[in-house]
2 protein chains.
Amino acid sequence: MIFQTTSEDLRTRARTGILNLNGVKLETPVFMPVGTRGVVKTISADDLEELEYSLILGNTYHLYLRPGTAVLERFGGLKKFSTWKRALLTDSGGYQVFSLNSLFKYEQDGVRFQSHIDGSRHYFTPNSVIDIQRTIGSDIMMVLDDCAPFDSSQERLRQSLDRTHRWAEMSVEYWEKNKNSSHLFGIFQGGIDLGLRLESLQKIVSLPFDGIAIGGLSVGEPRKDFIRILEGVSAYTDRSRPLYLMGVGTVPDILDGVKNGVDMFDCVLPTRNARNGQVFTSLGKINLRNEKWKSSDVPIDPHCGCKVCKRYSIGYIRHLHHVGELTAFSLSTYHNLYFMKNFLSEIRKSIQAGEFLKIYAKWKNLYEKPEFSG
Amino acid sequence: MIFQTTSEDLRTRARTGILNLNGVKLETPVFMPVGTRGVVKTISADDLEELEYSLILGNTYHLYLRPGTAVLERFGGLKKFSTWKRALLTDSGGYQVFSLNSLFKYEQDGVRFQSHIDGSRHYFTPNSVIDIQRTIGSDIMMVLDDCAPFDSSQERLRQSLDRTHRWAEMSVEYWEKNKNSSHLFGIFQGGIDLGLRLESLQKIVSLPFDGIAIGGLSVGEPRKDFIRILEGVSAYTDRSRPLYLMGVGTVPDILDGVKNGVDMFDCVLPTRNARNGQVFTSLGKINLRNEKWKSSDVPIDPHCGCKVCKRYSIGYIRHLHHVGELTAFSLSTYHNLYFMKNFLSEIRKSIQAGEFLKIYAKWKNLYEKPEFSG
């Protein structure tokens with residue numbers, strides 16, 4: 001087993017654990033920064049090491065198109081190519097085919113699509129995305145699935161489930177015959193229909209995946225539906241395996257994920273928002289572009305110990321954002337990833353101390369209100 | 001005196017020296033990275049310290065417009081605002097008024113212009129730009145001058161000289177009455193007319209400036225004219241004061257500058273070219289965007305000791321440029337600034353060892369030919 005539970009909250013399904021990925025051990029719940037194209041945007045591998053991240057995400061769809069598998073093969077995988085020495089998870093590329101392309105077509109055994117970059121034609125199958133992820137050299141591979149929009153018809157949701165389940169079986173069969181030291185996670189779907197969700201979860205849990213992922217949630221559905229599905233499925237997950245909530249998320253969403261037993265998260269939010277000037281602090285989120293910070297000589301967050309907060313004033317970083325200097329993006333990204341690392345660490349400690357709901361309430365209160373006014 | 005010559009080449013006017021700027025001592029010839037808007041583009045103050053730069057340039061025109069003198073005053077100057085602890089030189093803003101604005105008008109005692117950002121109206125005078133630079137808190141301030149295009153009529157060049165000289169006198173008079181620990185450099189003009197150049201040099205040298213700058217050279221004139229003017233003025237400079245060649249430059253131009261007695265250089269080239277994928281190596285310049293580097297697992301420069309070359313392959317950095325990741329810009333900028341620091345260091349050592357012409361020939365040969373083909 002790659003996963004061990006180390007403590008459980010008594011009043012919720014929150015838990016801490018250890019994920020062991022080919023020798024890289026990390027504590028869960030964990031947040032994974034997103035390195036779509038072989039780099040976490042605007043920062044370097046040095047920065048990620050300094051920030052003490054042990055697991056990042058790469059996007060199979062993007063890496064398959066550029067630099068492409070020939071280059072990755074030549075270098076011995078993405079880790080060697082990008083000099084990332086710790087653990088790597090890759091998605092299957094299925095979600096990007098659907099979200100980045102206007103031209104794609106699901107077939108019985110795979111999905112045809114045209115590149116969003118040059119229009120070239122490609123075909124992903126459950127087996128081919130495993131091969132691509134093997135070339136990328138990820139420690140955790142995700143299966144190809146069919147993620148239907150949350151507001152799809154019942155017919156489309158049923159089709160998504162059938163396809164997702166058939167592909168999951170094909171993936172397992174192919175994987176069993178071609179195993180290496182990597183690990184394969186299954187994904188369950190079902191939109192915001194709890195019945196379909198439970199059916200899909202049951203099917204995916206029945207297969208010998210190393211971990212289970214919730215796909216197709218946090219894709220635009222109302223927050224109450226997000227919570228309803230999370231709560232509805234949480235009692236039926238397999239607690240012996242890690243649970244991964246894909247593409248999540250915000251501070252409140254991570255809190256509700258953890259509360260419902262989620263162990264792993266990834267999201268572009270901390271990095272993308274940083275580039276837009278939104279940073280996270282111990283008092284709530286703030287917008288660095290705001291005129292009001294113009295003359296402020298305090299750090300972004302006086303309680304933050306990151307190298308950005310130790311050195312620079314919010315007034316200076318606001319200036320860099322205001323004039324459009326790229327250094328603004330890297331400094332803000334660094335800060336937000338430092339915040340996320342500490343936020344997850346605080347969550348883990350609170351679970352171990354039996355005080356998760358206290359931390360849950362504290363951060364919910366800070367992050368469900370409008371921006372901190374300084 | 002802020003400057004002391006420490007060694008002189010016997011066959012050229014190349015020399016080494018020590019520039020002492022309010023306690024920051026640095027060796028010349030020196031190259032100053034350009035931090036137009038309070039940051040050297042794409043990197044951080046940490047990076048600059050790691051690169052061991054002791055003197056950088058800020059642009060008065062840009063800083064005056066954003067963040068503006070009120071903010072800079074509030075922070076106690078640009079150094080405190082940007083956390084730069086070493087020495088700072090600022091230009092007068094005159095060149096940017098002329099090069100960035102379509103709407104500007106020279107008057108007897110100053111220049112009126114509209115901001116290139118919002119069209120707001122402003123007026124720079126010899127005295128006001130000294131006040132602005134005092135607020136910025138630079139260790140070396142430049143006087144306001146009138147830089148005419150190199151292909152101007154004789155009438156326009158004469159006007160530029162008269163205005164530049166009158167403003168230089170006004171600057172000195174104002175400065176003498178309002179001195180602080182900063183230093184004021186004069187600028188001589190004259191386009192590519194050697195007679196006017198010598199007249200202007202004589203005038204500027206006659207005033208009690210702490211250093212002398214060559215303005216209006218390397219602004220698009222043919223290279224043979226650039227060399228002719230450099231060689232023509234070099235015998236008439238005041239060797240007791242530092243000589244600064246503004247806005248230069250390329251590897252060959254720096255070599256010819258040093259050969260003709262120049263002590264200080266600044267240029268956006270190493271940083272701007274880095275963002276365009278052009279990097280400098282011990283074998284010549286190369287274009288990182290080139291397809292041919294796609295699968296190359298060697299560093300940008302196998303002989304370079306910078307942290308980028310120690311960690312990343314040219315294939316990976318080429319990929320980052322190819323897909324447009326901002327990390328490509330910061331890694332390439334870091335490398336180019338490391339190269340420039342070492343290049344100037346090699347020049348200084350060669351002068352001290354009496355071997356400047358050997359180094360001159362070596363680098364000229366490498367950088368006057370087309371791109372190194374790998």
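Including glycine, each Cβ sits where the backbone N, Cα and C put it.
Among the features that Swiss-Prot reports, active site, proton acceptor is placed at B:ASP91, with the record citing sequence analysis. When other Cβ atoms within 10 Å of the Cβ of B:ASP91 (active site, proton acceptor) are tallied across all protein chains shown, the result is 31.
For the recorded site, B:ASP266 (active site, nucleophile), the DSSP three-state label reads strand. Under a cutoff of 8 A between CB atoms, and with a sequence separation of 6+ in the same chain, the neighbours of B:ASP266 (active site, nucleophile) are B:PHE31, B:MET32, B:PRO33, B:VAL34, B:LEU57, B:LEU89, B:TYR244, B:MET246, B:GLY247, B:VAL248. The annotation active site, nucleophile is assigned in Swiss-Prot to B:ASP266 on the grounds of sequence analysis.
Of all Cβ atoms in the shown protein chains, 28 besides its own fall within 10 Å of the Cβ of B:GLY94 (substrate binding site). Residues or ranges marked as substrate binding site by Swiss-Prot on the basis of sequence analysis: B:ASP91, B:SER92, B:GLY93, B:GLY94, B:TYR95, B:ASP145, B:GLN189, B:GLY216.
A simple way to gauge crowding: the CB of B:CYS306 (Zn(2+) binding site) has 21 other CB atoms within 10 angstroms, across all the protein chains here. Per Swiss-Prot, the feature Zn(2+) binding site maps to B:CYS304, B:CYS306, B:CYS309, B:HIS335.
Summarising the annotation, Swiss-Prot assigns region 'RNA binding' to B:247-253 (among others) and lists sequence analysis as the type of evidence. When Cβ-Cβ distances below 8 Å are used as the criterion, the region 'RNA binding' (B:247-253) is approached by residues 95, 217-219, 226, 262, 265-267, 269, 280, 285, 343, 363-364, 366-368 of the same chain, each at least six residues removed from its ends.
Same-chain residues lying 6 or more positions outside the region 'RNA binding' (B:271-275) and placing a CB less than 8 Å from one of its CB atoms are 33-34, 40-42, 285, 329, 332-333, 335-337. The annotation region 'RNA binding' is assigned in Swiss-Prot to B:271-275 (among others).
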* Which residues, sitting 6 or more apart from B:TYR95 (substrate binding site) on the same chain, put a CB under 8 Å from its CB? -> B:TYR61, B:CYS147, B:GLY215, B:MET246, B:GLY247
* To do: Helix, strand, coil: count each for the residues of the region 'RNA binding' (B:247-253), based on DSSP.
  => 3 helix, 0 strand, 4 coil
* What's the CA-CA gap between B:ASP91 (active site, proton acceptor) and B:CYS309 (Zn(2+) binding site) in angstrom, rounded? -> 33
* Near the substrate site, what residues other than B:ASP91, B:SER92, B:GLY93, B:GLY94, B:TYR95, B:ASP145, B:GLN189, B:GLY216 in the same chain have a C-beta no further than 8 Å from the centroid of the listed C-beta atoms? -> B:PHE98, B:MET142, B:VAL143, B:LEU144, B:ASP146, B:CYS147, B:ILE187, B:GLY215, B:MET246
* Asked: Hey, for the Zn(2+) site built from B:CYS304, B:CYS306, B:CYS309, B:HIS335, who else sits with CB inside 8 A of the CB center?
  -> B:PRO299, B:ILE300, B:ASP301, B:GLY305, B:LYS307, B:VAL308, B:LYS310, B:TYR334, B:TYR338, B:PHE339
* Asked: Other than its own, how many Cβ atoms are within 10 Å of the Cβ belonging to B:GLY93 (substrate binding site)?
  -> 25
* To do: May I ask for the distance between B:CYS306 (Zn(2+) binding site) and B:SER92 (substrate binding site), taken between their Cα atoms and rounded to an integer number of Å?
  => 33
